[in-house]
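The feature compositional bias 'Polar residues' is assigned by TrEMBL to 1-10. Annotation source TrEMBL lists region 'Disordered' at 1-48. According to TrEMBL, the feature transmembrane segment maps to 93-113, 133-152, 164-181, 187-210, 222-242.
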Amino acid sequence: MDGKTNITNDAHTHQFEMARSTPSPSTMPPPLASSEKRTASNDSIGGKTELSSIVRTMSVPPSEAGETKPDIIQVEEKGEEPQPVIVDGGTRGWSTVAGSWFVLFSSLGYLYSWGVYQDYYTRIYLPSSSTSSIAWMGSLQLALPFLLGLPAGRLFDAGYVHSVIRAGSVLFIFCLYMLSLTKPDQYYQVFLTQGLGMGIGVGCIQLHATTIVSRHFTRRRSFAYGIALTGSSVGSIVYPIGLSRFLFLDATS
């Protein structure tokens, strides 16, 4: 009996010591409070979102004096490299505006001189063709540059800016040269070269020549667009004057 009593007393004593060593819920320190602040930055071209930094703020539990000592830990996590900042203008930007001006002057401005060609075709060069047929050829020529905006825009987003401008320029110059080789009173020769070929060529040029300006300007982007677009307006004034003197003077001589 004495042995059993001693074992029982030892067990009670061990449980009592364990209870004393375990802190009560009221005396336990409060858990650490943590907050995370994540800042996401959007990529301006691809539309991707990347994690730029994570800032974690941890508060140390109140001290005996009741004061809170914040402990701020900053963890920088870098993903993709940041995109280059667009310089508003500069030599490269204004050179792009000048190049866009001359491209629109020589391409879209030339198409806007269709009225001189229509008068020349109706009276001299295509007398057997009806007026509506000749007018339809000019309408197609002026509509194609804007109808091709969808595929040209997709190619611009894919990065084929210079390739499309080169291809459109070559096609436009080639069709303009072939127009000089057409025979009088051959409607479909003129239709394929001027109505279809030159329209497709300008369709590959004009959207890229204007949209490329946005890559070099932020604050003065609209002003740069306005300067570039005046090229087509000036071309629509200069080319009709030169073509009327060249075409009709050659026909009457």
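Placement of Cβ uses the backbone N, Cα and C atoms for every residue, glycine included.
No curator has checked TrEMBL annotations; they are predicted automatically.
Small disclaimer: the values here were computed from a predicted structure and weren't measured.
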Same-chain residue ranges lying at least 6 outside the transmembrane segment (222-242) that approach it to Cβ under 8 Å: 89, 93-94, 97, 100-106, 108-110, 112-113, 115-116, 206, 209-210, 213-214, 216
Tertiary contacts of the transmembrane segment (164-181) (same chain, 6+ residues out, Cβ under 8 Å): 103, 107, 152, 155-156, 190, 193-194, 197-198, 200-205, 208-209
